[in-house]
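Undergrad: Below is the structure I would like to discuss, written out as structure tokens.
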Amino acid sequence: MSSERAQFASEVAEVERWWKSPRFARVNRPYTAADVVSKRGTIKINYPSDVQGKKLWKLLSEHAKNGTPSHTYGALDPVQVTKMAKYLETVYVSGWQSSSTASSSNEPGPDLADYPSNTVPNKVEHLFMAQLFHDRKQREARSRMSDAELANTPVIDYLRPIVADADTGHGGLTAVMKLTKMFVEKGAAGIHIEDQAPGTKKCGHMAGKVLVPIQEHINRLVAIRLQYDIMGVENLVVARTDSEAATLITSNIDDRDHPFIQGSTNPSLPPLNNVMVEAEAQGKTGDQLQAIEDGWIKAANLQLFPQALAQALANEGASRSTVEKLVARVSRLSWSQAVAVAQKEFGLKQVPYWNWDAPRTREGYYRYQGGTECAIHRANAFAPYADLLWMETKKPILAQAKEFAAGVHAVHPGQWLAYNLSPSFNWKLLPQRQDMQAYVWELGKLGFVWQFITLAGLHSNAYISDLFAQNFAKTGMKAYVELVQSREREIGCDVLTHQKWSGADYADSLIKTVTGGVSSTAAMGAGVTESQFTSKL
């Protein structure tokens, strides 16, 4: 065996040993270690995000064992990241926030993932570089402290693992892999990716969401894992499903999607698209076209195929219990499997008219009926390829979270779950508002080990900016002193002394190291106005 072959075989064996570690006990890979090694370069690169990924895994493992959650929110900038570091264990980077405030094209917009694909990775880098800087700054400051000062000054872990929004992957499988590579290089400990179609992606709390087939999303998850393996990192991947509220799907090619695709049960109707094309040719527009589509949908009596089979069996005289058994039996089967079961096991004589092509939209999408059962079905399919599962929801209903957790854990015991504590919900209107404080921890008991408010950084920024601007316009510096400076002092916010927070002492230390310990141009020397904050006012 040549030395090159021997080196290749040795690296393959090393990867195989790596995959047998507890870290990957739940992970399924449809490729071999040799596939991975053959796609690596000859220079081994160590990525800081790998350290962060391992840290995140250890953190969530402890929470899973204890039935507790790690909760966080979406950070906008280095200021928020350093404040979060004092109290929270992780940092979230939101695609929604990046779309509105940090697009790499500098063109803001809603959360449609129509910004350049490097937008969120760039925001991750922005925040991760700040984390690294403040970690260095703290270490230098502590090196100058006495033993007593060290004992009385808590260490802040600025290197909180970052989990970032990968949207739908921004394209095909190689686009997903390139996006994953960017996230690893920029410092993300983990990413999440959703099962929507790229060109029609919407915020999870918008209408008009279009799903991709189950296998297509599994391929994305596998692509992410393969990219991680090629880079030799243990970063995490969160599989999100938007199927709870989805109404469309791109294709019926995957048998596992069949039970949730709707079809017309009215054989007298022509296909919807034909009707709409004819109406447009007649000069119909806007509300007129919408009324025509609404009328067609109503007349079509859209049903899921198991429902259509159940009605047909009932019409043939089957008992209610027999019909219920049929529905239970075919509820997760493909169209052809469901027909075979209905005929052979339940004696169905006539397969009912049910046409899933007739209601297709002008874009060619199939009508889809989402819901919690659908989300459980998809999540269970994604579980072998992901570290955490996340069901996007319309409302934060604890009973629904329990149903989802139970449905997943019945198939995948101990599977880690994630939960979006979304600001898109009007929390004050919810029935469990009296248990608001307990909500996060109740979810933790169900296995939702990682939870996050996607846009809390945006909303907290908006709140204080609006409040301060209103009052500053009326009362001038009185507003700044009362709303900002005094409050910073009261809560111990270190940005009160913003020169020190920004690293001026650290920069002086660098300069003095170069010049032998003396500098007449030190930023924090005599004359710096920040010394006023050490005086009694």
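Cβ from N, Cα, C; glycine included.
Pulled these features from Swiss-Prot for this protein:
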type     : residues                                                                                    : note
ACT_SITE : Cys203                                                                                      : active site, proton acceptor
BINDING  : Ser94, Gly95, Trp96, Gly204, His205, Arg240, Asn420, Leu421, Ser422, Pro423, Ser424, Thr454 : substrate binding site
BINDING  : Asp165                                                                                      : Mg(2+) binding site
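Burial and contacts for the listed features, if you can.
TA: Counted within 10 Å of its Cβ, the other Cβ atoms near Ser424 (substrate binding site) come to 15, all protein chains included.
Cβ environment of Asp165 (Mg(2+) binding site): Val93, Ser94, Gly95, Trp96, Ser98, Val120, Ile191, His192 lie under 8 Å away, each six or more residues apart in the same chain.
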Undergrad: By Cβ count within 10 Å, point out the most packed of the binding-site residues listed: Ser94, Asn420, Ser422.
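TA: When each Cβ's neighbours within 10 Å are tallied, Ser94 tops the list.
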Undergrad: Across all the protein chains here, work out how many other Cβ atoms are within 10 Å of the Cβ of Trp96 (substrate binding site).
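TA: That number is 23.
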